[in-house]
Number of protein chains: 6
Amino acid sequence: MPRFDGRGSAQLRPTKITRGFMPNAEGSCLIEMGNTKVICTASVEDKLPPFRKLEGELGWVTAEYGMLPRSTNVRTPREGRNGPSGRTVEIQRLIGRSLRAVVEMPVLEERTILIDCDVLQADGGTRCAAITGSFVALAEACRKLVDEGAITRMPLTGMVAAVSVGVVGSDELLDLCYEEDHRCAVDMNVVMTDKGRYVEIQGTAEMTPFDRNRLLRLLDLAQVGLEQLFKMQRAALEGIL
Amino acid sequence: MPRFDGRGSAQLRPTKITRGFMPNAEGSCLIEMGNTKVICTASVEDKLPPFRKLEGELGWVTAEYGMLPRSTNVRTPREGRNGPSGRTVEIQRLIGRSLRAVVEMPVLEERTILIDCDVLQADGGTRCAAITGSFVALAEACRKLVDEGAITRMPLTGMVAAVSVGVVGSDELLDLCYEEDHRCAVDMNVVMTDKGRYVEIQGTAEMTPFDRNRLLRLLDLAQVGLEQLFKMQRAALEGIL
Amino acid sequence: MPRFDGRGSAQLRPTKITRGFMPNAEGSCLIEMGNTKVICTASVEDKLPPFRKLEGELGWVTAEYGMLPRSTNVRTPREGRNGPSGRTVEIQRLIGRSLRAVVEMPVLEERTILIDCDVLQADGGTRCAAITGSFVALAEACRKLVDEGAITRMPLTGMVAAVSVGVVGSDELLDLCYEEDHRCAVDMNVVMTDKGRYVEIQGTAEMTPFDRNRLLRLLDLAQVGLEQLFKMQRAALEGIL
Amino acid sequence: MPRFDGRGSAQLRPTKITRGFMPNAEGSCLIEMGNTKVICTASVEDKLPPFRKLEGELGWVTAEYGMLPRSTNVRTPREGRNGPSGRTVEIQRLIGRSLRAVVEMPVLEERTILIDCDVLQADGGTRCAAITGSFVALAEACRKLVDEGAITRMPLTGMVAAVSVGVVGSDELLDLCYEEDHRCAVDMNVVMTDKGRYVEIQGTAEMTPFDRNRLLRLLDLAQVGLEQLFKMQRAALEGIL
Amino acid sequence: MPRFDGRGSAQLRPTKITRGFMPNAEGSCLIEMGNTKVICTASVEDKLPPFRKLEGELGWVTAEYGMLPRSTNVRTPREGRNGPSGRTVEIQRLIGRSLRAVVEMPVLEERTILIDCDVLQADGGTRCAAITGSFVALAEACRKLVDEGAITRMPLTGMVAAVSVGVVGSDELLDLCYEEDHRCAVDMNVVMTDKGRYVEIQGTAEMTPFDRNRLLRLLDLAQVGLEQLFKMQRAALEGIL
Amino acid sequence: MPRFDGRGSAQLRPTKITRGFMPNAEGSCLIEMGNTKVICTASVEDKLPPFRKLEGELGWVTAEYGMLPRSTNVRTPREGRNGPSGRTVEIQRLIGRSLRAVVEMPVLEERTILIDCDVLQADGGTRCAAITGSFVALAEACRKLVDEGAITRMPLTGMVAAVSVGVVGSDELLDLCYEEDHRCAVDMNVVMTDKGRYVEIQGTAEMTPFDRNRLLRLLDLAQVGLEQLFKMQRAALEGIL
């Protein structure tokens with residue numbers, strides 16, 4: 001069955017990473033994957049969260065995620081008085097964990113890097129785009145710290161990117177857009193390093209539990225997309241990494 | 001004394017209005033005034049706020065205002081659990097009142113137009129830019145309602161724009177940037193219609209109370225800027241108004 | 001057209017300031033303007049707000065505003081879980097700014113004066129009455145600090161009072177009561193020092209934008225009322241100022 | 001040992017009830033017991049709380065309690081974001097229960113009477129003064145409903161008043177002021193009807209558990225005060241009850 | 001009239017105290033009174049609440065109370081965003097006061113003992129069961145502190161227990177179950193020390209105000225139950241007290 | 001390397017499921033896996049959440065998760081004013097999704113089954129134990145609905161259980177206890193149906209990203225444990241399924 005937007009089943013949406021999009025931030029980019037557009041910024045703060053101090057550890061990376069009200073087709077109310085929604089909490093925890101997996105924290109010393117991912121336009125896959133873009137913002141901020149002599153070397157142990165795969169009808173598809181995500185039987189987000197190792201696999205059977213063969217085919221499909229995303233990150237970070 | 005960015009005292013910052021910036025919204029624009037950049041969207045909702053129903057009146061226009069965390073030089077935390085700050089509340093009420101002054105509300109029937117102003121970059125004058133840009137988003141959304149036959153005619157009775165003026169040292173200046181706003185003795189926001197009538201005047205002596213002559217000179221200065229802003233709005237709304 | 005309560009267009013409501021109304025407070029008064037009655041107290045606290053310390057500055061004056069539930073004809077629920085309303089936030093910020101404009105802050109040293117304005121009865125103009133009454137409470141508290149040798153001299157650089165003016169139908173009126181406020185086309189609050197200089201002008205076209213001539217006539221009208229209010233403040237503060 | 005303010009151990013503080021103190025309310029009074037001053041208002045609302053509807057019952061009486069920030073010697077912050085304090089919750093539940101004990105609820109039909117007790121000055125015994133004063137406000141509001149033909153007859157089955165008794169050192173004292181309340185070994189609030197029956201007894205050993213003889217003597221002492229309070233309520237309600 | 005569950009009017013429900021029920025806690029028990037089952041734990045924290053430090057006093061005991069959602073017949077929602085309900089606040093304050101009446105606080109030094117009472121099953125009398133069980137958890141935690149040499153001696157000056165009594169129809173009954181509690185005309189909770197002195201008496205006329213004779217009979221009835229509860233506490237605390 | 005508690009690497013902790021543990025609930029069990037003990041209840045509510053009605057769909061299953069304060073070695077504060085923590089939100093969403101994967105929702109008609117999982121003791125793996133136990137509570141509640149004739153047949157399409165697997169040092173281990181969970185390099189929760197199909201796979205590299213071979217071995221290990229858990233569920237549900 002042809003895809004909603006004419007793509008092949010193993011094809012990413014047109015993707016573009018614009019580094020330095022938010023000039024006030026220490027690191028930033030705009031990542032566009034089809035109609036999904038996310039602003040990622042990295043802010044350096046010269047302090048650690050209390051729990052990190054308690055553990056006697058140095059360095060921290062954490063993330064926040066938000067959506068502009070009209071990033072969606074029907075207006076999404078701002079989060080507020082009741083705190084971030086369950087979905088938002090899950091996403092920001094995932095972004096933070098994914099980035100920390102490639103950061104040698106102690107190199108950052110008494111510093112936290114706070115990532116903000118703000119969705120300008122949402123068409124499925126915002127959490128994966130946010131991870132992929134955040135790595136670019138993070139790397140830019142780290143380079144700035146090195147250049148200023150604030151830290152002694154780049155704290156990155158590798159690159160990290162993420163992509164969604166899923167099952168719609170009986171088709172296994174790469175990089176689901178909203179329409180596909182909405183109707184899929186299985187939804188999986190794969191976060192991987194550029195060495196091909198998994199940082200996080202979150203597979204959910206929205207309707208139909210899946211077997212191991214399907215799992216393996218979906219992981220293969222994800223890898224196809226992830227390798228292209230690493231290339232784009234490298235291009236965006238030329239002279240930085 | 002020359003201005004911080006080399007402008008003349010009666011000169012606006014380079015200003016640009018890009019209509020249709022957020023394709024999901026019924027109306028939208030990006031307004032840039034120097035380094036101040038605000039995304040304005042207009043969302044049409046087919047219901048009225050409860051108080052409006054209670055009054056037995058039709059139509060409503062209201063506004064929300066937010067800042068991306070890295071719109072500022074030092075990261076501004078997201079507003080949340082404690083609700084919008086006092087500053088945010090003041091600004092969104094001002095935007096709402098300013099727009100309502102040029103809307104014939106009953107033409108909107110059982111509809112609310114909800115304006116969202118989200119600051120991408122903040123360098124002074126965000127509330128004025130938000131008003132000027134919101135008018136463009138509002139007009140675009142109204143035209144869409146007319147084109148769809150949802151309302152019988154454009155509900156706008158005029159145009160509205162806003163600009164800041166202030167006193168820095170002994171200089172009276174138009175369109176203050178952050179550095180000027182920060183040091184000014186008097187700060188005034190002037191919201192005006194294209195017929196040259198005031199919708200809102202908010203003059204505050206941050207340090208030195210001011211006399212009537214100064215008030216009049218500042219109002220003259222505002223008018224210089226406002227006339228240019230009306231021209232840009234008209235250009236952005238060609239075929240819409 | 002005769003006014004709702006028979007007053008002339010340039011006539012204040014019967015006004016009375018009773019100093020020392022709340023004996024527990026360092027400074028206090030009850031201000032009555034017609035049926036509008038506000039209790040103003042000044043509390044001295046031996047500490048500064050965090051942001052003030054960060055700026056390395058001494059002294060601060062701030063304000064809170066509340067209404068007893070039956071200050072209004074229909075019961076107004078207590079503010080609470082959701083924080084103060086937008087209206088309350090605007091009013092308390094205005095009161096604080098207005099008072100700070102006549103206080104030489106450093107004279108207060110490591111102290112904050114916290115003004116509480118609690119409305120016993122509301123019949124329009126509560127924010128203006130609150131400003132006028134708060135100045136009396138503030139001055140009484142300052143005198144007490146001087147008498148106790150806590151500060152070296154009175155920190156006041158002048159007096160401050162406030163009054164509303166507005167346009168009802170085609171009449172320009174001084175000191176609007178609720179009924180007038182409710183129907184007015186233009187509503188303006190004027191905060192002025194006893195030297196005739198403006199601290200704050202907030203003019204809002206509730207329905208009809210206004211031109212400059214009207215603005216000037218309204219400012220003249222406000223001045224008539226403000227001069228009477230300064231006299232009453234002086235009388236209430238005999239031996240204090 | 002003589003009392004803090006020279007009273008005998010079985011003597012009330014000078015007490016005064018001023019009915020109609022808040023003209024906007026359906027019923028109101030100011031009750032003064034020495035330096036304790038409480039404004040009590042009764043508001044009639046033409047609806048029932050949801051739980052009451054669920055039970056299929058008619059009529060309800062409930063209460064809220066607040067303190068002006070400078071009712072106390074050291075400023076008490078306004079209650080807000082975190083909701084009413086534990087102390088406030090206990091007091092408003094006690095006031096509501098006490099009043100409901102003398103109201104034949106169904107006579108009120110689909111109506112709630114909401115009592116507001118706002119403390120102008122606090123010098124001990126505010127909850128008892130609030131109960132005694134609230135009965136006056138409640139009765140006035142009920143009479144108004146009868147006069148308007150809204151209800152068929154007065155719903156009151158008796159009068160209710162409250163007083164505190166306590167043990168300071170070895171002295172058993174009536175109507176404790178703040179200084180006494182602060183140092184007492186036993187603190188008891190007695191809420192009684194004018195027929196001499198108990199509505200609520202809340203006896204707390206703040207430091208020294210007490211035996212039954214002490215309990216009985218304290219109840220006798222309370223009765224002395226309560227009989228005087230009933231007289232004052234009757235005087236304040238002449239022509240109403 | 002025979003009781004709902006066949007008991008005599010002066011008979012406790014089958015009661016059982018299982019010490020050490022929560023092995024992670026410093027002190028704990030499960031108390032079962034008929035179908036009412038409450039888990040009580042005592043946690044030792046090496047710090048004092050801020051107000052206690054301010055007063056310059058050592059030692060503190062405080063309590064929290066919660067219900068599992070299905071402790072009740074109809075599910076009770078978890079308390080949360082709006083803070084504990086009025087009922088919960090009243091109960092946890094009562095538990096804390098009751099325990100503090102038998103603790104010589106300074107013996108605890110810079111420590112707080114925090115009691116948690118979590119209701120597994122609720123069938124009336126949960127607050128009384130919580131007090132009786134909490135004393136056991138508290139004593140166990142204190143003994144542990146003595147055994148570890150953290151404090152020099154047991155800080156307990158006596159035992160404390162609580163029981164409810166009430167009037168259903170014309171019967172005076174001991175230890176009300178939910179069905180009885182629900183229909184009672186008078187409801188009284190009596191908190192007493194093992195020396196027979198009152199720590200707290202809370203008598204409420206839910207419908208019918210009561211006279212002194214009834215009060216005295218109810219206190220006698222409570223004593224019958226309390227003496228049995230002290231015996232069970234002593235048995236559960238063998239080797240501890 | 002031998003495990004912390006002497007188990008083999010592919011050995012579950014001693015596990016026990018006690019059905020009917022909370023007699024007030026429509027379905028319930030206590031599940032014990034070593035020192036991890038979770039109470040699971042199922043409550044039937046005769047209404048649907050608003051979003052479900054909006055979608056025009058019937059039936060819903062959702063879950064809440066809580067911990068008793070002393071379920072942990074160091075007391076965990078109750079969640080409250082700030083809403084459930086990020087961890088809690090993630091867990092309750094996971095439990096809900098897992099159960100819904102084996103429920104044919106429309107069979108429930110206008111009903112929601114609300115699962116409560118309350119942790120009595122926490123020693124790692126509480127979310128997995130909660131899923132396994134919740135299925136038992138859910139099945140019991142469904143049977144009750146069938147027996148009462150409220151629904152026409154059992155809505156369950158299979159069984160669901162969950163277990164954790166992880167990598168500690170270089171060992172791949174089944175059913176991690178807290179000490180193991182705390183030090184693991186990879187942590188994976190596997191939710192599976194009794195047909196051997198995955199409902200949810202959540203694999204997280206806490207420190208070391210993992211490759212596909214490790215993933216496959218971990219999934220094999222999980223299956224060993226899950227098959228035993230299905231047996232215990234079946235035993236606990238004899239006569240019910």
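Note that Cβ sites are derived from N, Cα and C of the backbone, with glycine treated the same way.
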Further phosphate ligand in TrEMBL, beside D:GLY125, D:THR126, D:ARG127, within candidate set D:ARG70, D:ARG75, D:ARG78, D:ARG87:
D:ARG87
With the phosphate site defined by D:ARG87, D:GLY125, D:THR126, D:ARG127, which remaining residues of that chain have Cβ atoms positioned within 8 Å of the Cβ centroid?
D:TYR65, D:ILE91, D:VAL119, D:ALA122, D:GLY124, D:CYS128, D:ALA129, D:ALA130
Out of D:ARG87, D:ARG127, which of the binding-site residues has the smallest number of neighbouring Cβ atoms within 10 Å?
D:ARG87
For the domain 'Exoribonuclease phosphorolytic' (D:158-223), how many residues does DSSP put in helix, in strand and in coil?
18 helix, 30 strand, 18 coil
In whole Å, could you give the widest CA to CA gap in the phosphate site formed by D:ARG87, D:GLY125, D:THR126, D:ARG127?
13
Provide the number of Cβ atoms within 10 Å of the Cβ of D:THR126 (phosphate binding site), excluding the reference atom itself.
24
Secondary structure at D:GLY125 (phosphate binding site), reduced by DSSP to three states:
coil
In sequence order, which residues at least six apart in the same chain have a CB under 8 Å from the CB of D:GLY125 (phosphate binding site)?
D:MET33, D:THR36, D:VAL163, D:SER164, D:ASP175, D:LEU176, D:CYS177, D:ASP181
